[in-house]
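Below: the structure, in structure tokens.
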Amino acid sequence: MVLSRFSQLGARFLKESGIVTGKAQEESSEQKEKITVTFVDKDGEEKVIQVPMGMSMLEAAHENDIELEGACEGSLACSTCHVIVMDMEYYNKLEDPADEENDMLDLAFGLTETSRLGCQVIAKPELDGMRLALPAATRNFAVDGFVPKPH
Amino acid sequence: MYDAVVLAYGAESDRYLGVPGEDLGGIYSAREFVWWYNGHPDCSNVSPDLKNTDTAVVLGQGNVALDVARILLRPINELETTDIAEHALTSLRESTIRKVYLVGRRGPVQAACTAKELREILGIKDLHVCIQKADLLTSAADEEELKKGRIQRRVYELFSKAATSHQQHDIVGQRELHFMFFRKPDRFLPSESGNTVSGVRLEKTCLKENGASGKQVAVGTGQFEDLKCGLVLKSVGYKSVPVDGLPFDEYRGVVPNMKGRVLSLDQAEHAIVEKGLYVTGWLKRGPTGIIATNLYCAEETVASILEDFKNGLLTPSSGSPKPGRQGLLQVLENKNARFVPFSGWEKIDTKERMEGELRNKPRKKITTWEELLLAVDG
């Protein structure tokens, strides 16, 4: 009896402080939408995540522990968040890259026709179901322990 | 003293053209000019004469060439709120230079500049840009290069757009930027006094495919033309400075290396890896590429260091740990060497920014060694 009273008080405390129901209220009142995005890593492993409107793919990857580096933190000073949009249909729904994004894509390793910087791809309703592939390598060198040969 | 040392000191010297008249007054390397307007203490007394002429010729079409051209052509009021060195600002305010030629041996397809930098110079206010449409014609070999190079493609597109959009030239006193392609410098022409430059003799070139590399190289055609000017800036490449005892490739101007591990030659002329010694950046690859290029270069060197560490190649042979920073400080003390720690740099930084704030600039640079050391001590 005492225990349940405490748990009732506890539940009421949580409810009134907005911790438990706050989020649910927010979701229902704002109808904050999310799109479904699938990340495919270099080994073909897939991870399906939910991305809220307005969030960049780089941010979304970090929030879901997906290994997408973002060395310059989205300031268009590197190309480490290079992603490949797997379907042309979705690639065409994206805004054209700005000159600054193109400047950095120039240096991306393994660039394709549907490559973009993850920090510049922002979630919007039309991108629901988009699949993004992580490039096979971000660096242009072999890690096989090459030893110099005498000449 | 350390388990691993990484040399990252870049390229502080210049490639020489090796052309008659190169020692005439009024001819500088672009690097000297850049150090001069950036307030480098070693070049604060360069004092280039910007009042004897209306024409400057820049040899080269890389990002540094564009940079020096940009400084000569930008409206002075735009430069006033930057941290450009005071002595350069004064000089530029009185400059009579109105025309700048950017001269390249090959064509727009081979130009070494990158899109961002080219966009910036093409966007200078009230600047008349001249690019000959004929220079934009591409050969089959050019088309191949464009197909394989995204960076070259974007630069070529910018040149094409600029050639068509900058047509009008009826504004009196408007500054001019001329892109000259397929020209290489044959000699520098002296003025009547004999010791300053009055022009450059240029030889027209055409491109020939170098069978081995597939690259197109510029070959002289025997047709010459003279370009009058009073200032020449050579922007034909930086060169690294060798250090006593460090393996160095004189021809390429880099430290021989394999993925950042420094290589030397043993008695039998075999390449061996120097334990614990690494190199990165321009000293490793040559003076090409932008900051982002160096990012990947550094990652490669770091991967080599980590791999060597993992394979136990960095453990000291004697068994006892290296003295590191303490050892370094001891050596400096023994030599009675004057050195500036990071806290000293912070003092310089604070002083420069404070002085800049009084003048609506990000900073006012201190441009002599004496004043710099005073700021550290003060």
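Positions of Cβ are set from backbone N, Cα and C atoms, glycine also.
What TrEMBL records for the NADP(+) site is B:Q61, B:G62, B:N63, B:V64, B:R105, B:R106, B:E117, and among B:G281, B:G289, B:G312, B:G319 the residue it adds there is B:G289.
Neighbours of B:G62 (NADP(+) binding site), defined as other CB atoms within 10 A of its CB across all chains, total 21.
Spread of the NADP(+) binding residues is 20 Å (greatest Cα-Cα distance among B:Q61, B:G62, B:N63, B:V64, B:R105, B:R106, B:E117, B:G289). Of all the Cβ atoms in the protein chains shown, 8 others lie within 10 Å of the Cβ of B:I291 (FAD binding site). For B:I290 (FAD binding site), the binding-site residues whose C-alpha atoms fall inside a 10 Å radius of its own C-alpha are B:N63, out of B:Q61, B:G62, B:N63, B:V64, B:R105, B:R106.
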